[in-house]
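Lifted from TrEMBL, the feature list:
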| type | residues | note |
| --- | --- | --- |
| DOMAIN | 1-92 | domain 'Vesicle transport v-SNARE N-terminal' |
| TRANSMEM | 179-200 | transmembrane segment |
Amino acid sequence: MSLVYEGYERQYCELSANLSRKCNSAATLPDGEKKKQEISELQAGLDDADVLIRKMDLEARSLQPSVKATLLAKLREYKSDLNKLKREVKKLTMPNSNQPAHEELLESGMAGGHEASANQRDRMAMSTERLNQSTDRIRESRRAALETEELGLSDVDSAIDKGKKVLTSMTRRMSRNKWIVGSIIAALILAIIVVLYFKIFH
């Protein structure tokens, strides 16, 4: 899997978990400046999440078809979760958003409230699990990259050692050949001198 995609995914999962916590916290606040500030931060976070989703989508589409299909399926889940979060944040922006929720709890009983809380916990748990999975994949990719790098360095060192041995052997052979050639030349010169001596003096 692409390390670039995994980086975006990790950022998204962290952001998604953080936005879920903020949304749960803002839902308990009364209408006021504090709640407006929380909503403003949530909306900015949602914009950042949209940017990360688009980056993941572009990166996924640039990969091999087999990998692309898996990542795009996962992206659809992220988009669905993000849309749910957007709807919850939108509810918070409605005037007296706490009052309808309170009336709904009175009408439907506490079961509805427990179910919503359970859904929020499930979403946070899912985001945390995805974050952990993304972290594990990044760690595994880095480990594989380091092992490949170490293997490559080992091969390079081995090749350098072999090269040194070959050069040393060639140097010795050339030196030995020089002595042999020199000896032959000296013998030939001596033979020529002997032949000339006998021709001149005999």
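Cβ atoms are placed via backbone N, Cα and C, with glycine included.
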What counts of helix, strand and coil residues does DSSP assign across the domain 'Vesicle transport v-SNARE N-terminal' (1-92)?
82 helix, 0 strand, 10 coil
When pLDDT is averaged across the domain 'Vesicle transport v-SNARE N-terminal' (1-92), the result is 90
